[in-house]
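Annotation source Swiss-Prot lists compositional bias 'Basic residues' at 1-20. Here Swiss-Prot flags 1-37, 1292-1366 as region 'Disordered'. What Swiss-Prot lists as Zn(2+) binding site is Cys248, Cys315, Cys322, Cys325. Sequence annotations record features per position, and here Swiss-Prot assigns compositional bias 'Low complexity' to 1354-1366.
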Amino acid sequence: MTSSKPKKTSRVRKTTKNSKKNIPLTMPPLAKTPPSFKNKVVDKKALKNLVSWAYKTHGTAITAAMADNLKDLGFKYATQAAVSISVDDLKVPAAKQDLIGQAEEQISATEECYRLGEITEVERHTKVIDTWTETNERLVDAVKDNFNQNDPLNSVWMMANSGARGNMSQVRQLVGMRGLMANPQGEIIDLPIRTNFREGLTVTEYVISSYGARKGLVDTALRTADSGYLTRRLVDVAQDVIVREEDCGTERSIVVEAEDGKFGARLLGRLTAEDILDSEEKLIIPQNTAIDPALSGKIETASITKVKIRSPLTCEANRSVCRRCYGWALAHNHLVDLGEAVGIIAAQSIGEPGTQLTMRTFHTGGVSTAESGVVRSKISGRVEFSSKAKVRGYRTPHGVEAKQAEVDFILKIVPQGNNSNKSQKVEVSSGSLLFVDDGEEISSDITVAQIIAGAVKKSVEKATKDVVCDLAGQVKYDKVIQPKEVTDRQGNITLKAQRLGRLWVLAGDVYNLPPNARPVVSSGKSVVEGTVLAEASQSSEFGGQVRLRESVGDSREVQIVTTSMSLNNFKLIEESTHSGQIYNLESSDGTLYRLNTAPGSKVSNGQVIADLTDERFRTKTGGLVKYSPGLSVKKARSSKNGFEVSQGGTLLWIPQETHEINKDISLLMTEDMKWIEAGTEVVKDIFSQTSGIVTVTQKNDILREITVRNGTFHECDDEEVLNRFTEEGNLVNPGEKILDGIDNKEILFVQKLETSKGRGLLLRTVEEFNIPDQAQLPNLSHVKQEKGPHLGLKAIQRLTYKDGELIKSVDGVELLRTHLSIESFNATPQMTIDVESMEDENDASINRLNLVILESILVRRDTMSDSSHGSTHTELQVKNNTLVKAGDVIATTQILCKEKGLVQLPNVVEDDPIRRLIVEREEDKIKIKISNKAVVKVGDRVVDGDPISGSEKAISCGEIEEVSSSSVTLRIGRPYMVSPDSVLHVEDGDLVLRGDGLALLVFERQKTGDIVQGLPRIEELLEARRPRDSAILCNKSGVVQIKQGNDEESVSLSVIEKDDLVNEYQLLPGKNIMVSDGQQVTGGEVLTDGPINPHELLDCYFSDIRDQKPLIDAARESISKLQRSLVNEVQNVYKSQGVAIDDKHIEVIVRQMTSKVRIEDAGDTTLLPGELIELRQVEDTNQAMAITGGAPAEFTPVLLGITKASLNTDSFISAASFQETTRVLTEAAIEGKSDWLRGLKENVIIGRLIPAGTGFSGFVEELASEAGPHPDILAEESGGYRRAQNLRPDYTVDMPQSPAVSSTAILDDPSDEDLETTRNRHGIDPSSSNFAAFARPSAENQFSEDQLPDPAALEGLQEEGLLSDE
């Protein structure tokens, strides 16, 4: 049926012919390839390729069916073959025992070298770890060979080998060995797990392996959370990147370089940016062609190493990416569709594999040198170096003495004698290690050299390791070490070894002496068991009377009473109460003191020990305190302890009874201001104790307090009299006139009152208390030593209340307290004051109180011998109750010898105490009988196997002490190798015990360059974090100049730039220089080791290029350099974990991070300094300035981390829904921002259809591009254009007309047939429906296809010079 109706077209998938190159951009029809027959083993990889091929050539449905058939096939044959896994399938290779045996031999040889002091502790550790690592790898090979040759159909082997499940590292643990494990600090334990899971682990191995297992689990848990958050940030930064244009028409591109002549998948699906020509200038691939695998192969065949391709990084589409710059959509391997949300796809592609990345890495604890480039001899013969060879001595990390080549040369192995073999040539590069000498005869299969490829400057860091002593004895240095004193900035002096050499410890029994002991034997004296080696004495400081106490624990206490004081005229009386014992002191005149501290307790200086019980200062009720003028008190820090009286006088007391209550007012049984007698009931159940006037305080009908003030009330209306007195009250002296008819003979307290009867004066009586200047002290008797401390008692009077204080109380209070406190002078801290109860000398029934100052001396018990102190014997030199003088010896402790031997004292500076001595015993020496003349002399140091005479060899390490004609005496010792620059903790001749630190080895290990690996590294890159201790980067290109300072440490580094400007760089300590003198460097190159700060890198690139190019080009070029390095860094992390991600995804994210610049100087534009703005916008503004002749804006490119970039997007709705909601929304409100709803997120939040996929409308973009050169303004013009509403493509909508527009444009007119089917599908009657989508626009509305925009809007644009008048 031929139809004349308009065809329905879709704007999204349109076949646009490119006039120049004529390439259709839609999917080509699926190719039908002829069947081909392949006969080979299909493993996981082959399956992958098969499914992928099927998908590309035959489409989804066929591929799904094929995959299903493959699955059935797999199950069928697995069932037929009865494949299963049982314990018997885990076959341990027979070679395992030999391999482990070899490793153990190597390691015991290494341990022996270490024992003989031939290698350092670090070298031993490194060698052990490397040996096990190598063994493990060889074992994996053995496992593979064993399965391949003996049991190729083993189910475990098939499973791991085909890629169905598991990998070699797991199979290795099942049937090889579990291998080395790391401890919780991440250092490798040098004890590997030699067994596998088939043989079973020992308990120790199980515990060691559990470290790693726990680490793995914790890691996984943390990883999922981190990875999820990374994905969220990525989605946020890239969600508005949608393919919105066909071709942005850019001329910029990026260069992809081949690795080893291969491009791999890096070119697939990209469009060429220019014609690709081969070496003969023939066109292979025209510009703008999508590269498929065939074309990629063609490029490689033509040996082209660099290809320029289009990339999202250089796409000039506004706020989006165009189809040609993006290339293929990897879902179907055809050019990406318009409206594809490539930003979200990129974010998910980078975020999803995050869980597969590891979080942290292990340190190896030493340089793990993998045996790289090892050359072994193939024939036996003589080694010959070529004439230009230059070598120097070198010590490998394993402590092997080797040679290092200084230049490139050729080494030959020439066969000797009638050997017909060809000679073997080895090309030696500079820096390689040689294990043979020139002219040396070697056999075949010997390690000849380790070739180092290229002069790679590795970044190294300093690490340290302690050397701990294994036996007690005396330290001796080898002369080679040449220790030198180094003073650091703080003035601390350390000893450092200058050369590689040995530190010896010669055996002996070392005794630790107590602090005050001194040796009583001289050096070189022979001693036997029980000889006294040293003596320590303990003496009294002040002297006094000795008291011996019972022993406590392993020591005995001797107390010396230096000062005592007894209270003679007081009896000590003990009372028992239910709360415990109470002690009182009673004098003959009846004065009573209450004791605060029980006898037997210790007290300190200034402490109150007793209070005077004195009823004279006790009142009957509460009241008001007034001090008379003579009475004065010391200022107290706090009134808690009262106020100490400094001068006696009279204390005045005005009694007043206060009942504090909380009851209803209805219970009140008296009236306010009424006179009552003592014993009256004022409130139910509360009686007054005194007569006087009642004052009632109430609040909200609740009684608070009732006061009864004693005295007499006199009515008075005389204003003059009343004004003399206040309501608070005044004191009136005796004889002073108050009112007519009142004769006052004592002090009165007068208050003005208003009562219900009228006004008047209340005259209150005043009680007087006399306070003496000094409190009475009890009678004391002293016993004191000449030099000893003084002890005394002091009586203190304290007033409880301050002047004018009102005490609210019903019961009486104590106004004055007298305390007895202790005073002592010249007492040392170890002295204590004891309170004791003593019987009276004359009357045993009376107890007296005694205060004594004791000097306490702890005397050691006798001990049997222990490892470091020897046995001790202590004697007391005093008896109980005897008197001693100051400085008398109380006890002596002797240190006794444990075994027979010779004493040696260490060398000490005069007056320094000797803290250790050594006894050289018989068992520390070995006598070796000799038949020939000895070849060693006294003082020589030998190790096992060194010759002593013509035929005898040393059987132990040590120092020769005696040489006679028939024998040699050797003192056993232990050598420790120390490397240059090690810090020595001991000096020559020092005595050390087992476990003491001897030295701190300082060694260099390769900086594990990617300690920050996996996820944290990805996060560091994408968040553009500034690393700590970052590398120093070269600012502008030039030539390096390195100068050595005065001392070894200081080096100055500078770069001479092109105008002979010298730029000096500040070097921090511990930084290694990565460039050499005279080297040519460019901006952004690393000068020292350390992580690179991406912000600094961008600045260096920019400042370097800015000198040669205009601003906009410099910004573009520096940004593109940084983009490349960021993309590569991110790729490296994923590649190292075996994750493949297409470059274009990372490029989309990096594009978002580098799209902004910071305005430095606004020129004549409307921009603000410090503003972050898109580079494209600044470019447009500056172009406009160039036309009008205004000053352009100056700017510098910036790099934003993904979080920062998300918060800096144009859309405030998107930014607010991400982080810092309040801040973003407040700023948007203040600045009056509009959100144009360009991204997905904004539309989802508002609830519209998202502008991607079918909701993407290309109409606005097309109209804008037809309208003129500035798409941005048109796109943002809200009136004037009808936005294509986001509807499904098979409906259209009749929009309400915009008042400024006379008519409207309609998209995608459906045909009548389409409308009919839709109506039927929804059951709509056409006549009754006024629903916009189903009403056909009538012809009267005169729609025309070529709609003109709003004329007013056009005029506005022309005035701004953004549209031409045409």
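Placed from the backbone N, Cα and C atoms, the Cβ positions cover glycine too.
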Out of Cys248, Cys325, give me whichever of these binding-site residues has the highest number of other Cβ atoms within 10 Å.
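Selected residue: Cys325.
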Given a 10 Å Cβ-Cβ cut-off, pick out the one of the binding-site residues Cys315, Cys322 that has the most other Cβ atoms nearby.
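Sorting the candidates by Cβ neighbours within 10 Å, the top entry is Cys315.
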When DSSP is mapped onto helix/strand/coil, what comes out for Cys248 (Zn(2+) binding site)?
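Where Cys248 (Zn(2+) binding site) sits, the three-state DSSP reduction gives coil.
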According to DSSP, which kind of secondary structure is Cys325 (Zn(2+) binding site) found in, if we only use helix, strand and coil?
helix
For the recorded Zn(2+) site formed by Cys248, Cys315, Cys322, Cys325, which further same-chain residues have Cβ atoms within 8 Å of the site's Cβ center?
Glu245, Asp247, Thr250, Arg310, Pro312, Thr314, Glu316, Ala317, Val321, Arg323, Arg324, Tyr326
